[in-house]
């Protein structure tokens, strides 16, 4: 089975573990509530439920390869379940593994047991079976030195074993063990070189004399275990000292599945890591068995599509942290985005034409995004040189694992919350790092692009993006889930991603007011997550320029307007508290929060008129931006450019409804033609069609044939008390357009605009 494919297994029973005994406490935050959850092991107990999954005609699926194996989002008409596991073996592959185990020359077992496990070293996974049926598969790390039973070899012993002892059943997740005894210490998610034994231990007793039993080869005497690890980011890669490492969450599941005396067989030979296997396979490249080089070392990583916000942030962070980066982008080849190019080059990032010339033998890896096609010359050159081809989210997952990370997920508000967290941590003296999709104005004022910074502290703040499914790759110390709204994907599919994301974090915060996240909160409680409440926000005062509120007796001022930004601040404060920042240390940095470019950014004001540039592009964001504008203006002149034909087709009825319901009789709406970035998109409708549908609902909407026409129209119609609101995503020239409007209206431009495309 190729990476990215889903095994079509026979109808059967999948056994899934859940923690029970948790609870959830919700609390009001001026209409918003949050649930704080911390993983807990002492009060929860494992139970199992059985779920029958029966594939049928038309079954669809989405598979995402993580650094430690596959996360498969399985859909049967809708998303039915998620398996955050290693690649599940298909029928023929599983049959071969079972036969390989049972036909070992010294196998003491000749028929598949009722309950047993295979450690498949070749694919770095542990498979739990019921006779010849696979129940679960978990990514593991076997020994870096390979397979072998000799004492002192630091190899993982081959052959049949039995579970000798189950240790740590009453200990919380992350417990540190030494000499098979709990120390009372707990791993907090920070990267460290030591090989810690965590969470649970299954000791293994060899059953094959001369192979893993007896003098010089005895697995029990060698202290060979299955155990949780602090090196979760390297699962899927042989890097242990002989034991079999699992993620701490998966170790809980494996511990529950296997009892004293159950057989465990280790088969196959381990190979070196293949962090680039997903993109290599997608692009047709041959397998590359060398581990991915250290991105902070002297080797060079080349970024295809460097101008994209996600790609440029990674390249900047890598360079700031001591690594070497280069890249290419078609926009740079066309002479566009000169300011962004200059910013990147000032950091020492070399920019080459996107003709493959930047991908040479001194290049350690090619980094791509989902938007980079296999035919791009850089990809073709990397395949020819057999270089690792790494998805940007896999590299970000590496950065997340290397630091104590706060990751923020949600359909709306991620960049704003990341910016607030970053500025409060920095104001508290923590010198954090940040990787984000938005441009932080505080960094732009230092002549940086604004979407990345490498600080000297251990904390990293990142956006966890659901648009391409990449957020399921990350294992942060703190996960924040803001909201769930219709945007890039179907909501039930995104809900599964959020569930996986929350499960992989050490501590999680889930918005308690969003009904779409209710199931996630219930499941967190059912798995034994201790849902703790924060101090409620009290004495809330909203005004056109921001809000004031009190948390646990501490008064805050937020200079970002809108009720949605109050919610964002609530999440940011909670995340900062989770990493030990006291409330009083957050007051000044939040009051001085400089904002994020294109998040209700004022680009012009004067004569009683204001021009705002905003990133709003889905129905919920459009409603929030319009409501915030209405709070500060007698009339709102809303301008929207949809960000592509596919997204607009997906959101079309919701967009029409949002505009029809959000606009007041005195407000106006102009729609620019839908943004087209090139490619094979089907352009079978126009923004004019949406205008007709919005107008039919009673709103005052009009199609703008050109930007020049609209600027002329605004110049004749605006009057004191009006606010011009420019909204849309993807098109970097929208900020230039907003500035053009402000200039034509003769307004002051108090805030420097964001560099296009950064």
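From the backbone N, Cα and C atoms, a Cβ is placed for every residue, glycine too.
Note that TrEMBL annotation is computational and uncurated.
Quick look at what TrEMBL lists:
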ACT_SITE  227  active site, proton donor/acceptor
ACT_SITE  243  active site, nucleophile
DOMAIN    115-267  domain 'L,D-TPase catalytic'
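When the Cα atoms are compared, residue 227 (active site, proton donor/acceptor) and residue 243 (active site, nucleophile) turn out to be 8 Å apart. Neighbours of the residue listed as 'active site, nucleophile', defined as other CB atoms within 10 A of its CB across all chains, total 25. The Cβ of the residue listed as 'active site, proton donor/acceptor' has 27 neighbouring Cβ atoms from other residues within 10 Å, across all protein chains displayed.
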